[in-house]
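Undergrad: Grabbed the feature section from TrEMBL, which reads as follows:
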- 499-510: domain 'EGF-like' (DOMAIN)
- 516-536: transmembrane segment (TRANSMEM)
- 548-567: transmembrane segment (TRANSMEM)
- 573-597: transmembrane segment (TRANSMEM)
- 609-628: transmembrane segment (TRANSMEM)
- 634-655: transmembrane segment (TRANSMEM)
- 671-692: transmembrane segment (TRANSMEM)
- 698-717: transmembrane segment (TRANSMEM)
Amino acid sequence: GLFVTDYFTRTPRKLSPFRSFASIELFHFHIPEDTVIAVWNLITFKEQGGTFGDQCPDRSITVYFRSGAPSVINPLHTHFPRDTAVPGSFALTLTWTLPNRTTGVFNVTSPLPGDWFLAAHLPKDEGKISVKGLYEECQYLFQPQLIVQRLVNIAVLYPGHVTEQSMAPHNRSCLYKVFVPSYTSRVLVEVLRCRGAEGCPLWLRVRAKAPPLHNSTTLDCREHTPCQLAQDLPFWQHWYYVLVEKHPGVPGTVSFQVTVQLTDCSRPSLARPPFLPSSASMNMPHSFGSAGGLALGDSPPPTSPNDTKHPLPIPVTLHTEERCWPVRPTLRNELDTFSVHFYIFFGPNVSVPPDRPAVFVINLLPVLDSGGVLNLELRLNVSSLCGENVTVFGCLNHGVPLTSGDNTSVTCETESLAGFLLSVNATASLSRLRIPYPQTGSWYLSLRSLCATEHGFEPCTNVTAEVYLRAYLSPCINDCGIYGQCKLLRTNNYLYAACECKAGWNGWGCTDNAEAFSYGFQLLSTLLLCLSNVMFVPPVAIAVRSHYLLEAAVYIFTMFFSTFYHACDQPGIVVFCIMEYDVLQFCDFLGSLMSVWVTVIAMARLQPIVKQASVLYLLGAMLLSMALQMDRHGLWNLLGPSLFALGIMAVAWTARTIRRRHCYPPTWKRWAFYLCPGALIAAAAVLLYAFVETEENYFYIHSIWHLLIAGSVGFLLPPRAKPSRRLGPLPRRKGCGYQLCVNEQEELGLVDPAVASINSICTG
């Protein structure tokens, strides 16, 4: 046959360890109609520091495939919320074949046309909290590519018309398609006047939406006479593909006729009229294939006279129970993104008569509605049962309504279809159903009432049940509860929503409490993170006693905002916010960096050297505010100002050492009991913060960080400087000269200069 090959690719994206669906990378593809094979080329490579990550560890990558909507995945094996239906999907795990690159291939023969979604992620990690910029992180980049091969000019069969075909010896099969409009209850495909070397050596295969596969509905024409293949309850508004395949090893040419008969369920005694209708009268898309037959072989079949079409009367046995009931539409009311309510005309209370079902249709828009959750709720009005033991069954199915001809059947499936069954009665009057990431298109809900007897369910008599029906689309299940946050995510032009859980809760709706934090644990962690800031009280007292009022104000600012930031930053329900979260976070980070800055500048003792040393405090506040606004989690936001302040202190101490020709500070007690312990405590705090802190131990490791940082400030803050006092006027020597008064206590850097006597050495 004639094939066309299309190629699609996506930009590489960085994969993340799986925590919830919000951490996966989602890719959206569109497969055209008449595609016979789709091949995904899955390319994964490592990067570290802008180069190939040969030293990065091999981490498995899981990829999920689903047609129509994103995959509903559960790699952590958590519990789904009640009344939640989980649609299936394909999964593939990629392993590494090269040090920094691997490639996987996923083939789909005769894929369903329309939207396809790929979801990829890394396995869950230990949740280590890393400082941004501390080391080069290993990145795992994933890039999917799609190659599709589709047939062109597939022959179109018209209902009630016969198509003649001759299959040459070198051809193995012929492919046709027929469009099935709405209110069609049966599709009958028949092979007529089959002539070959061994009778009728043909296989007849039928499949909806895509070309048939080896496991599609099949009939061997050698064993069945007449060769008829029927499809009950076909999908409405879709193409059905008919494949006539020759048995292997059959010599010579095989000639046959093929015809399709559609049964209109709104007129069960009539079939589709045997004339050539237009595409508009058949509700058929205008862009359908040619009218000629096409063989799937090395070359197209002859065009004449073997490919003629003419109407012939076809005897069809109609089933009297094949009839459909009126489908009531719903009114779509869009409130917000993934917030859509479907209202029923003259509803929401629905009357279900005993002799026939009530059928409703819910239309989900392509692409736009597949990223949310379809919710359905049935509530039975018990007072309408008049004391009868009535059960109302609801069957929700995609593509076609499932209404059984057997009034006593309570199933919601056929050989080729499977829907979702709901039921309400006097004891269980409420039933719910949630479908995450539903397929778009038409969803049909069929309601019927049956009475329970000793012999099972039987049709009721003179009892019309009343049911409250509510159908709506929501972003997440129950808005993710109190232990989750519903996030609206985007991949290119596709929007979808997912829950991000906290406080140890997991699951699609944050309802799995297997690893959840208890209330006592949440309260303990909050108190530890908040009360550990009380350790700043001793540094504040030392600063006030040493007349470092500006430093004391900064420490109070840090203690206040760190306390209330951590009270607002808790993942559970023990949360208290006095301001917006972003304001509290900014003030906490600014106070922490300013505490380091003012402490180091105070240790430098710049006042005798630089008269306007207060300018450095103001300059530090402005620069730190700018850096935090750019990136609050960057490594250089912490190291940059600290190293700059340490450089200023080193220059000041070196200048004093050179001028006095003695190490500064000069006393060994200052080094042994204050500077060295303070430096060690600060270094231990930094190491804990950078290398030990994880999500699991955050509440007590970060509390220790508070204690150590505040304790180091108490050791490192210098003692109070005594003001220099000039001596009285002395007789000046002849010649030019000046007096230089040096405060000896300040130069020695003693801890408690108030005890020491005031000695000033004046040199001229």
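Note: Cβ is positioned from N, Cα and C throughout, glycine not excepted.
Just so you know, TrEMBL annotations are computer predictions that nobody has curated.
Help me picture these features in the structure, burial and contacts included.
TA: Same-chain residues lying 6 or more positions outside the domain 'EGF-like' (499-510) and placing a CB less than 8 Å from one of its CB atoms are 19-22, 72, 74, 76, 78-81, 84, 436, 476-478, 480-481, 483-487, 516-517, 522, 571-573.
Long-range contacts of the transmembrane segment (516-536) within the same chain: residues 483, 503-505, 555-556, 558-559, 562-564, 566-567, 570-575, 699-700, 702-704, 706-707, 710-711, 713, each at least 6 residues beyond the stretch ends and with a Cβ under 8 Å from a Cβ of the stretch.
Sequence-remote contacts of a segment are chain residues at least 6 beyond its ends whose Cβ falls under 8 Å from one of its Cβ atoms, and for the transmembrane segment (671-692) they are 131, 134, 665, 701-702, 704-705, 708-709, 711-716, 751.
With a cut-off of 8 Å between Cβ atoms, the residues of this chain six or more beyond the transmembrane segment (698-717) that come close are 129, 524-525, 528-529, 532-533, 535-536, 538-539, 542-543, 546, 548, 551, 555, 562, 566, 592, 595, 599, 602-603, 674-675, 677-679, 681-682, 684-685, 688-689, 692.
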Undergrad: Run through the domain 'EGF-like' (499-510) and tell me, per DSSP, how many residues are helix, strand and coil.
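TA: For that range the per-state counts are 0 helix, 4 strand, 8 coil.
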